[in-house]
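Database features (Swiss-Prot):
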type	residues	note
BINDING	Leu109, Asn110, Gly111, Gly112, Lys123, Gln186, Gly215, Asp246, Lys388	UTP binding site
BINDING	Gly111, Gly112, His216, Asn244, Gly245, Asp246	substrate binding site
BINDING	Lys123, Asp246	Mg(2+) binding site
ACT_SITE	Lys388	active site
REGION	449-500	region 'Oligomerization'
Amino acid sequence: MATTGKRHAKSQSTYAFDNTATNVTASQMRNALNNLADTVENPEQTTRFENEMDNFFTLFRRYLTEKASGSTLDWDKIRSPSSDEVVEYGDLNSANNSANLSKLAVLKLNGGLGTSMGCVGPKSVIEVRDGNNFLDLAVRQIEHLNRKYDADVPLLLMNSFNTDADTEKIIKKYQSHRIRVKTFNQSRFPRIYKDSLLPVPESFDDSLEAWYPPGHGDLFEALVQSGELDALLAQGREILFVSNGDNLGATVDSKILDHMIETGAEYIMELTPKTRADVKGGTLINYQGEVRLLEIAQVPKEHVEEFKSIKKFKYFNTNNLWINLRAIKKLVEANAIEVEIIPNQKTISHGKSDINVLQLETAVGAAIRHFKGAHGVVVPRSRFLPVKTCSDLLLVKSDLFYLEHGALVLDPTRDGFSNPLIKLGSHFKKVSGFQSRIPYIPKILELDHLTITGNVTIGKGVQLKGTVIIVCNDGDKIDIPNGAILENVVVTGNLTILEH
């Protein structure tokens, strides 16, 4: 007999037990959050904190309920999106109505730290190209747009409590630029113990490790609570272009802006064709007649390989999103934005010991199903250029791109080709290690694949072509000499160039 992969329905006695356990756990959490609120000493901070704890409790309660009911997607009901739910960028009208820029605001998600690349402070201040960091490039792009079209497109940064203070200092340097930069903070939620499901922090001003920013799905609530959404509407802004702060391909695109206004869509998600490097990326589906974002975490184990298939799920979410501001206001005020919860388990240092914690997060892309006329636009790969690792950093610093008004533009000789696949080993994980080992970026215009592992340094004026693999064993050292040209080679062993 064939199995369908569906779970057995829960018996009534199981439901009753789960329901009681859920109520007890929720009640304990509510009491703990009330106690936390009592520790706020500054009356100006009380309202915001209580509001955040209420929002956290709503999320926590929903997490418990969904966990108890075992609600999951029915894989058999998943369909590919229809032709009006995903449209090709090339089919959009090419007329450029610059007047529409008066309806636009740009938002960069700026809550992340640079710790994964070995840096202290906000990730957005890592230098990526010609002395510019992520924020510098975003400012230059929008400033150029404002000058060219005599516009006044504002830039908003959604910070977290981890990045806010540093970002405020950094943006002072843009005061003389032709751009308005505004910042606001996303929520600060308490981490919870994995075993007891109670909050880690014991007071409002407990250490930073006790708290977490709850993912970019918090954007809608934070926009409204900060007053920034009403301020944008008062300026006549209608559309918010949202992107990850580390995606260097996410520039303002008038074609998509015009298309959104023409169609009246409340939400547009930029998609791009999957490659084997993107098999874990979220994808758009049609589920019971509505457009939804399907993330790998929601996929039953037996269907993960199918989800990764490039044939069935051709596109993935770039997290470049165009969202109608009035629609956000209406949905938030009606408490109507309910998105999938992503439980994130971590081990953190707290006090003198390591503890296992849970943080409940949400993603902004998952809200697509609540907006009218929502659809995906399949954009060129050039609009997705994230910098997550030093391997990505090598790519964006290279001669593959040139800088034009803050935007990275691909060298025309690479048109039609995918970017080279670059894999740098653990010696290059931190920016400091990357910079000391590759002080001069090699020419990679003709490169297809690069792998470097071990104690390797690269000299000045090096060219890499085709497939280049450099493997240095433990205890050995490889110095690639100045001016070397490596083409379709594997370099192993021990190679040190002595200065004479």
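Note: Cβ is positioned from N, Cα and C throughout, glycine not excepted.
Where Swiss-Prot records a feature, it is marked here on the structure.
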{"residue": "Leu109", "record": "UTP binding site", "contacts (Cβ under 8 Å, 6+ apart)": "Met158, His216, Leu219, Val242, Ser243, Asn244, Gly245, Asn319, Val364"}
{"residue": "Gly111", "record": "UTP binding site", "contacts (Cβ under 8 Å, 6+ apart)": "Met158, Asn159, Ser160, Asn162, Thr163, Gln186, Pro213, His216"}
{"residue": "Gly112", "record": "substrate binding site", "contacts (Cβ under 8 Å, 6+ apart)": "Pro122, Lys123, Ser124, Ser160, Asn162, Thr163, Gly245, Asp246"}
{"residue": "Gly215", "record": "UTP binding site", "contacts (Cβ under 8 Å, 6+ apart)": "Ile342, Glu361, Thr362, Ala363"}
{"residue": "Lys388", "record": "UTP binding site", "contacts (Cβ under 8 Å, 6+ apart)": "Ser116, Asp246"}
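As a whole-number mean, the pLDDT of the region 'Oligomerization' (449-500) in this prediction is 91.
The maximum pairwise C-alpha distance among Leu109, Asn110, Gly111, Gly112, Lys123, Gln186, Gly215, Asp246, Lys388, the residues recorded as binding UTP, is 21 Å. In this structure, His216 (substrate binding site) is part of a helix by DSSP. Under DSSP, Asp246 (substrate binding site) is assigned to coil, being neither helix nor strand in the three-state scheme. Within 8 Å of the centroid of the Cβ atoms of Gly111, Gly112, His216, Asn244, Gly245, Asp246, where the record puts substrate, the same chain has further Cβ atoms from Lys108, Leu109, Asn110, Lys123, Ser124. Cβ-based neighbour count (10 Å, all protein chains) for Asn244 (substrate binding site) stands at 23.
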